[in-house]
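As written in TrEMBL, here are the features:
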type	residues	note
DOMAIN	15-153	domain 'ABC transporter TMD0'
TRANSMEM	31-49	transmembrane segment
TRANSMEM	70-88	transmembrane segment
TRANSMEM	100-117	transmembrane segment
TRANSMEM	129-150	transmembrane segment
TRANSMEM	162-184	transmembrane segment
Amino acid sequence: MLEKFCNSTFWNSSLLDSPEADLPLCFEQTVLVWIPLGFLWLLAPWQLLHVYRSRTKRSSITKLYLAKQVLVGLLLILAAIELAFVLIEDSGQGTVPAVRYTNPSLYLGTWLLVLLIQHSRRWCVQKDSWFLSLFWILSILCGTFQFQTLIRMLLKGDNSSLAYSCLFFICYAFQILILVLSAFSEKGSSNHCSERLQEASDARRCLGCG
């Protein structure tokens with residue numbers, strides 16, 4: 001069923017016996033793409049519910065927050081571009097495998113969800129999200145296999161999917177940048193805590209005066 005979905009071999013163990021062992025591209029474009037996306041979509045409702053229950057005063061916009069939102073926004077644009085390329089390439093002939101439509105569509109929804117989660121963290125005392133950091137790590141690790149497969153295809157002179165490969169490499173680089181940015185702590189967290197402590201201190205003084 002997945003071979004029809006990809007229009008290529010889903011699994012072939014003999015490929016792993018070659019000197020340059022590679023997983024089948026269909027396996028990389030389905031299982032290794034859907035694992036991190038499934039992790040995000042399954043746990044996102046819990047994450048948003050937690051944010052809703054523990055929300056506090058909204059923090060100010062920081063440069064780190066803006067940088068992460070811009071990068072995810074660029075990922076959203078690239079997913080839309082890839083979907084447009086597929087539509088142009090297919091031209092209603094039905095020659096493009098279904099996975100080429102499905103993955104960019106899934107990524108469009110996923111990047112919108114990430115933008116929402118990152119924005120919702122502004123209402124939390126703890127602005128950093130281990131949940132999103134784990135998603136980026138998982139996405140990068142799973143994408144490593146497809147990265148090396150596309151590199152080897154290009155080195156062998158196979159330029160049949162050059163546009164798709166370029167889009168993948170750019171998206172992969174953006175995900176690494178977001179993971180690096182996620183290693184830095186939001187300054188708004190400590191500032192907000194200080195503000196709350198100051199407010200509590202002022203309230204105690206007022207009670208003492210009364």
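Quick reminder: no glycine exception, Cβ is built from N, Cα and C everywhere.
Because TrEMBL annotations are produced automatically, they should be read as predictions rather than curated entries.
For the domain 'ABC transporter TMD0' (15-153), the model gives a mean pLDDT of 87. For the transmembrane segment (129-150), the list of distant contacts is 22-23, 25, 28-29, 32-33, 35-36, 39-40, 43, 47, 114, 117-118, 121, 161, 165, 168-169, 172, 175-176, 178-179, 182-183: same-chain residues at least six beyond its ends, Cβ to Cβ under 8 Å. Among the stretches 31-49, 70-88, 100-117, the one making the largest number of Cβ pairs under 8 Å with the transmembrane segment (162-184) is 70-88. Sorting each residue of the domain 'ABC transporter TMD0' (15-153) by its DSSP state yields 110 helix, 0 strand, 29 coil.
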